[in-house]
Amino acid sequence: MQSAVRYGSPLFYPTLGILASMELILAFSAFGFIVIEPVSLTFMHLPVLAGALALGPRGGLLLGGIFGLTSMWKASVTATAYADIVFSPLLSGQPLASLVLSTGTRMLFGLCAGVFFLLALRCRHFRKAAVVAAAIGANCVHKILVYGCMLLFFPGTGITPDTIAARILAPGSFLDMALSALVMLSVLRLVASQELHRIGADLKFQALCRSASPLRSLFWRVLIIALFFVLALGSWSHFFGRTQMVLRMDDIALSAAGMDRFWQVGLQFLVTIIALFVVASILLFWGERYLVSMSYQARRDMMTGLYNRMTFVRLM
């Protein structure tokens, strides 16, 4: 079975952009890690797994890199415990080891997940079970890679082989695996749907045809992106400007270190807003292309699927 958004499909890059934006949103919001006593749920790896299944090893590798960069950034800004500091090349004292731990392991995780799902999709029988097994296997590989690097490079964290086994077999880990399996089954159903394959084929045909006014289309797209970017900057400036004003009104003075953390949090807030606008932009452009494609679809002959002469000449 081939994914409808595999590399070479017109849906590949929009899907990659949406998943990358979702990774940033999860990283810099309260939705990436949720604690519900006595277990905790993490969702940071889900866009990587979804990309590995839908886009293949290439997509998993890229999204894993984004996952690693966000964890490195957060560790450099907000880390207090030693187990968090080791993810920051700026704070750990071993920059290369931290880079491998934070980013290298996540990129390898995405690549391995892509290979696992690629093999699972080749199964003719019990494909859903194979995808579930691939999701669980990728989860285990992620934990082994991260904890293994901590054991190898940072023994001061107290990680041992027994600790790794205990964390993989913990109740929260099984809950993460079950959640990953359910999400991957939903992604499998989506990328295998005939409707998505048909949309991809229509968009591919439209991409092969010359646009009636490419410069005009490019102008409007650049204008919309610029508008969204200005709105993001305006929202960020207003929120943090008002926050500073409230602090001054209450005679609260931040230290230099506190001000640095304040602006780092503000930068994360800005990245989250921009990521939301990126998702909106991609969906808007995607929807526009699909509607144009449907307008041409309406001019096809129902029996042959061919365009009439005037439509064909206009397209070509």
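Even glycines carry a Cβ here, placed using N, Cα and C.
Here's what TrEMBL has on this protein:
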type	residues	note
TRANSMEM	12-36	transmembrane segment
TRANSMEM	96-119	transmembrane segment
TRANSMEM	131-154	transmembrane segment
TRANSMEM	174-192	transmembrane segment
TRANSMEM	218-241	transmembrane segment
TRANSMEM	261-286	transmembrane segment
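Using a cut-off of 8 Å between Cβ atoms, the transmembrane segment (218-241) and the transmembrane segment (261-286) share at least three residue pairs, counting only pairs 6 or more apart in sequence. Outside the transmembrane segment (261-286) by six or more residues, the chain places 11, 14, 17-18, 20-22, 24-25, 28-29, 73-74, 77-78, 221, 224-225, 228-229, 231-233, 235-236, 239-240, 254 with a CB less than 8 A from a CB of the stretch.
Counting same-chain residues at least six beyond the ends of the transmembrane segment (131-154), those with a Cβ under 8 angstroms from any Cβ of the stretch are 45, 49, 52-53, 83, 86, 92, 94, 97-98, 100-101, 104-106, 108-109, 112-113, 116-117, 119-121, 160-161, 163-164, 167-168, 173, 176-177, 180-181, 183-185, 188. Sequence-remote contacts of a segment are chain residues at least 6 beyond its ends whose Cβ falls under 8 Å from one of its Cβ atoms, and for the transmembrane segment (96-119) they are 45, 48-49, 51-53, 55-65, 67-69, 71-72, 75, 86-89, 130-131, 134-135, 137-138, 141-142, 145-146, 149-150, 153-154, 184.
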